[in-house]
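Everything below concerns the one structure shown next.
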Amino acid sequence: MSENLLEVSGLQKHFPITKGLFKRQVGAVRAVDGIDLEVRAGETLGLVGESGCGKSTAGRLFTRILEPTGGKVVFEGNDISHKNVNQLRPLRRDVQMIFQDPYSSLNPRHTVGAIISAPLQIQDIPTPQGLKKAVQELLELVGLNPEHYNRYPHEFSGGQRQRIGIARALALRPKLIVADEPVSALDVSIQAQVVNLLDDLQREFDLTYVFIAHDLSVVRHISDRVAVMYLGKVVEIAERDDLYKNPRHPYTVALMSAVPVPDPARRDRAQRDRVLLTGDVPSPINPPSGCRFRTRCWKAQDICATEEPPLTVRLEDPQSHLTACHFPVVDDETVAGRRPAATPA
Amino acid sequence: MSLGPEASITDESTAPTADAAERPGEKAIAGRSLKQIAWRRLKKDKVAIAGACVVIFLILVAVLAPLLIKWFGHPFDEPHIDQLDPTLSTPLGKLGGISREFLLGVEPQSGRDIFSRIIYGAQTTLSVAFLSAFVSTILGTVFGLMAGFLGGWVDSVISRIMDFLLAFPQLLFAIALLSVLPDTFFGLGDRWSRVFVLVGVIGFFGWPYIGRIVRGQTLSLREREFVEASRSLGARSGRILFRELLPNLAAPILVYTTLIIPTNILTEAALSFLGVGIPPPNPSWGGMLSDAVTFYQIDPMYMIIPGGVIFITVLAFNLFGDGLRDALDPKAR
Ligand SMILES: Nc1ncnc2c1ncn2[C@@H]1O[C@H](COP(=O)(O)OP(=O)(O)OP(=O)(O)O)[C@@H](O)[C@H]1O
Ligand code: SF4
Ligand SMILES: [Mg+2]
């Protein structure tokens, strides 16, 4: 459990913004701007943040679909940050991705059989039982009818399509799967089924997951640890129970208050403590100085604008709980009391 | 905790996609490809089918031209002075001399068989139109794919070239070029030499139309996650181009190829009308129209027939192309 499968440090991805005929660079979208974290073998790391905070970009860097602008990606001790397409090919067997949009992640012109057998063909994996049988086994594994291998993606529902995407990712028997919001596009009723499927597969094949989501409730069930991202940076990372019990970063607290509270006795208090995230997310082209959350933070003080808070252990937190905030939220602090007048009630 | 495979299947198939709901026999296991769905849609489009029938008829006529002329007509350059009024040199019979012997009448002055000349002209016109559409499609697909897939400076250069060609006064250029080129080369004879040149000129100026479509589609397809998925499996560029991108480009390429054919027919007719197309005495629809201009008051049929044939042909191709586009419309997925 303690061995690190994937380690990233100082990871950056800046997308250049070009202008005019000669593609002069006039700026950059700092989609991922300095992430340090590690993924331990066998665990599920939840990666949470609002839309546009760079989660997908981070996932694409972990799987090396994108090349980082800065920093390092180390998989099983090998630095893969700048390997080229050919050098990466063997790695593809070990690291796979499940994509966010089940409608655009499957080629509409290919049958399900062709889609799921593609990894086996591209990687020259021998299939003693025959390609068709191999595909059918995978279909069965993800809970689809193996007779459907000749059908086209448009004949399936969103949830079924996401299962096809899971089967494709599973075909190479990878060690690490980066699941990019695998259930966000699905009906709530189907989300649980797909999450459960991923859970079962993890146990069966010893998988390690990076599970991306845009709210904390989805990852709660499946994650061992959770990292919270804001504007291209990790602002808090902790063991799951620790994070949900003692959220330290004001942004995490805000995200958590967006999670519906099932217990009616607590709902009242939850309503009162509800922190509304006001204001727009600043642009990743020109992020705020110091702490990036300061434009929306109700605890912000002068130092927040000048000094960027490092991601370290705060208060009496365990070594595994890191927070990037000068004024972390203390356990019994009621958010409502600290809410500034500017925030609408 | 988790639901078994069977349970989840039934759960999800209670809310199937719209496509699945329409399917009559749910038991059919073999999937219907987008091609089959498009074909079904096309079959329901009566107008497009009518266009297609006319197109097929015209192609048959062009292919069987020598036989048809032998059975129903006269050699295209054979004069029939006996069919003409000796003083006015206009056809003797009614409606430009239409008779059982001369199905579409005869030309004034020479008395040549219009039926044979129309059919023979169909052969030339359709050859030029199809071959130049083919040239445009090949060039447009190759350059459009390169621009869209490679991006960067390759894209900039190809896009500028396309803009330049689209803004180019191509008709003037074609007239200038065609009037200085030799009449025959490669020992092809004057008719096929000119067809060859026309195919080159029309095909070359037509490729940016296809190229722009292909580039745009490639740019949007390239961002789709299935291309990324293929890349994340370790696929090489060749596989991504030919297995992932091209199958999705086939439909728009087919549609726009069908739609530039009528444009090419009109361009060929215009060039022949202006005297730089198919050289006389070889018949062409544009050339016939041009000859008819001087006679339109005394022998209107001489103008109506080639004009009508051009009109019907272009209309048929356009109707078919539009129907094809509707049937293949990716938005109506
Ligand atoms: N290829 C690209 N070129 C330029 N900018 C990009 C590119 N991909 C992403 N971005 C920008 O980077 C930022 C982060 O995008 P990303 O897709 O990683 O966000 P996300 O957290 O996954 O959001 P969502 O929840 O909507 O999927 C966004 O501002 C986006 O516009
Ligand atoms: S560092 Fe300051 S602005 Fe940033 S989250 Fe902490 S209190 Fe808020
Ligand atoms: Mg995303």
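Note: Cβ is positioned from N, Cα and C throughout, glycine not excepted.
Curation does not apply to TrEMBL; its annotations are automatic.
If you look up TrEMBL, you'll see B:1-27 marked as region 'Disordered'. As annotated by TrEMBL, transmembrane segment applies to B:47-69, B:130-154, B:161-180, B:192-210, B:253-280, B:300-321. Per TrEMBL, domain 'ABC transmembrane type-1' is recorded for B:122-321.
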**OP:** With Cβ distances under 8 Å as the criterion, find the stretch in B:47-69, B:130-154, B:253-280 that has the most pairs with the transmembrane segment (B:192-210).
**Re:** B:130-154
Original post:
Restricting to the same chain and to residues at least six past its boundaries, which positions have a Cβ under 8 Å from a Cβ of the transmembrane segment (B:130-154)?
Top reply: 161-162, 195, 198-204, 206-219, 221-222, 237, 241, 245-246, 249, 253, 256-257, 260-261, 264, 268
Original post:
Who are the long-range neighbours of the transmembrane segment (B:161-180) in its own chain, taking Cβ under 8 Å and residues 6 or more past its ends?
Top reply: 143, 194, 197-198, 201-202, 205, 207-209, 211-212, 215, 267, 270-271, 274, 276-277
